[in-house]
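First up is the structure itself, then whatever we jot down about it.
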Amino acid sequence: CFVRYLILLPFRIIIALFGVLLMIMLTGFIGYLQESSFKRKLNRWANLMCFRILCRAFSCVIRYHNRENMATNGICVANHTSPVDVIILSCDNCYAMIGQTHGGLLGVLQRSLARATAHIWFERS
């Protein structure tokens with residue numbers, strides 16, 4: 001218990017905060033760039049890096065199998081996806097997401113992601 005709660009937990013919280021702050025800063029910077037292939041490549045690099053850092057905070061071990069069967073272009077549909085599912089899916093590829101707007105920390109992350117790419121957020125009311 002000592003190692004888990006007094007060493008690993010604070011370390012994971014620091015990694016998560018670093019990943020979130022880095023994502024907010026990088027997407028804010030990328031949002032000011034003109035639409036171009038450089039912006040798309042930079043956004044892909046930043047998203048993959050930040051989501052992989054966030055996965056490290058959860059101690060995720062992700063293995064990708066049969067990469068040759070992955071669709072090159074298209075749509076990935078997942079109903080009832082949680083924020084943790086989005087983090088894990090986004091470690092592999094950049095996705096434009098459609099989902100419900102949230103407040104708090106998730107709302108901050110949604111707004112920062114929307115600055116860099118075209119996501120669709122809606123309010124259910």
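Along the chain as shown, the residues are counted starting at 1.
For all residues, glycine too, the Cβ spot is worked out from N, Cα and C.
These figures come from a predicted structure and were not determined experimentally.
Per TrEMBL, the features are:
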type: TRANSMEM; residues: 13-33; note: transmembrane segment
type: DOMAIN; residues: 62-124; note: domain 'Phospholipid/glycerol acyltransferase'
In the same chain, who gets a Cβ under 8 Å from the transmembrane segment (13-33) while lying at least 6 residues past its ends?
39, 42-43, 46-47, 49-51, 53-54, 56-57, 105, 108-109, 112-113, 115-116
Structural state census, the domain 'Phospholipid/glycerol acyltransferase' (62-124) (DSSP three-state):
23 helix, 6 strand, 34 coil
